[in-house]
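Novice: The structure's right below; bear with me while I get my questions together.
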């Protein structure tokens, strides 16, 4: 991996870490469903235009639209509806750690299919222990934690991302990552409309500058620029080397949250985060021969 790719990946992790902060900022004025809807309403046409300019858009067949719809529902609509709702009830740091449970769910799916090995099993159990520490705050009174509802939603979010990953891997036999993501964004935006209607559409003309800045950051930087850079890196380096960078996101998020939101991670969040990320690394790292 060359130095340019290293720098771009580090920048991408900084941007994704900042997303948890800007979601918190956007939630000051907008409800979670409106924030998610407007984020992808802005991001979808931009990513579609990029893919069309770069290589043109492949036209899905009739049955493929159903598969794409399931992907969009799991990986965009429900994923971000739950994530934004979760961030009303949990900290940015907790959210950035718990979303990584997606790798554990993917590993569990592999175990169900008989792809078990001691390293992956150890990673699953280690991650589970870390998650329990974060959510319980080290007490047996598990459900007394102030962040329990948001934490559980983020674990559900991890499961949804795992569903998207597993189902999406089959579609990648025909479509490249960027095209698949562009279609998922577009369909996911449409499926977010009922959620926004349910909570009442917010009038974008009345948004304050903070909310506009949050939406621009989440849509242009997080959903378009960062994804384009991520897929660029995947074509210029092996996937394991690229994936390791994701483990920087919770660290960057904790630093940003401390200064921007005055969030102070407690001892159990810090230790639980380290254990969770270590477990995720064990489940995803390639075995050396």
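Every residue gets a Cβ built from N, Cα and C, even glycine.
Found this in Swiss-Prot, in case it helps:
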- 7-27: transmembrane segment (TRANSMEM)
- 14-136: domain 'EamA 1' (DOMAIN)
- 33-53: transmembrane segment (TRANSMEM)
- 65-85: transmembrane segment (TRANSMEM)
- 92-112: transmembrane segment (TRANSMEM)
- 123-143: transmembrane segment (TRANSMEM)
- 148-168: transmembrane segment (TRANSMEM)
- 159-285: domain 'EamA 2' (DOMAIN)
- 182-202: transmembrane segment (TRANSMEM)
- 212-232: transmembrane segment (TRANSMEM)
- 241-261: transmembrane segment (TRANSMEM)
- 265-285: transmembrane segment (TRANSMEM)
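Map the listed features onto the structure and describe their local environment.
Specialist: Counting residues 6+ beyond its ends, the transmembrane segment (92-112) has Cβ neighbours under 8 Å at 17, 20-21, 23-24, 83, 86, 120-121, 123-124, 127-128, 130-131, 134-135, 147, 150-151, 154-155, 157-163, 165-166, 246-247, 249-250, 253-254, 256-257, 261, 263, 265, 269, 272-273, 276-277, 279-280, 283-284 in the same chain.
Proximity of distant same-chain residues to the transmembrane segment (148-168), defined by a Cβ-Cβ separation under 8 Å and at least 6 residues beyond the stretch ends, is recorded for 67, 70-71, 74-75, 78-79, 82-83, 85-91, 94-95, 98-106, 109, 131, 134-135, 142, 180, 184.
Looking only at the domain 'EamA 2' (159-285), the predicted model's pLDDT averages out at 86.
Within the same chain, residues 29-31, 33-34, 36-38, 40-41, 43-44, 47-48, 50-51, 57, 60, 68-69, 71-73, 75-77, 80-81, 164, 168, 175, 223 sit at least 6 positions outside the transmembrane segment (182-202) and bring their C-beta atoms closer than 8 Å to a C-beta of that stretch.
Under 8 Å from some Cβ of the transmembrane segment (265-285) lie the Cβ atoms of residues 91, 93-94, 97-98, 100-101, 103-104, 106-107, 119-120, 122-134, 136-138, 240, 243-244, 247, 250, 254, 257-258, all in the same chain and six or more residues away from its ends.
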Novice: Where DSSP helix means H, G or I and strand means E or B, what are the helix, strand and coil counts for the domain 'EamA 2' (159-285)?
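Specialist: Residue counts in helix, strand and coil order: 107 helix, 0 strand, 20 coil.
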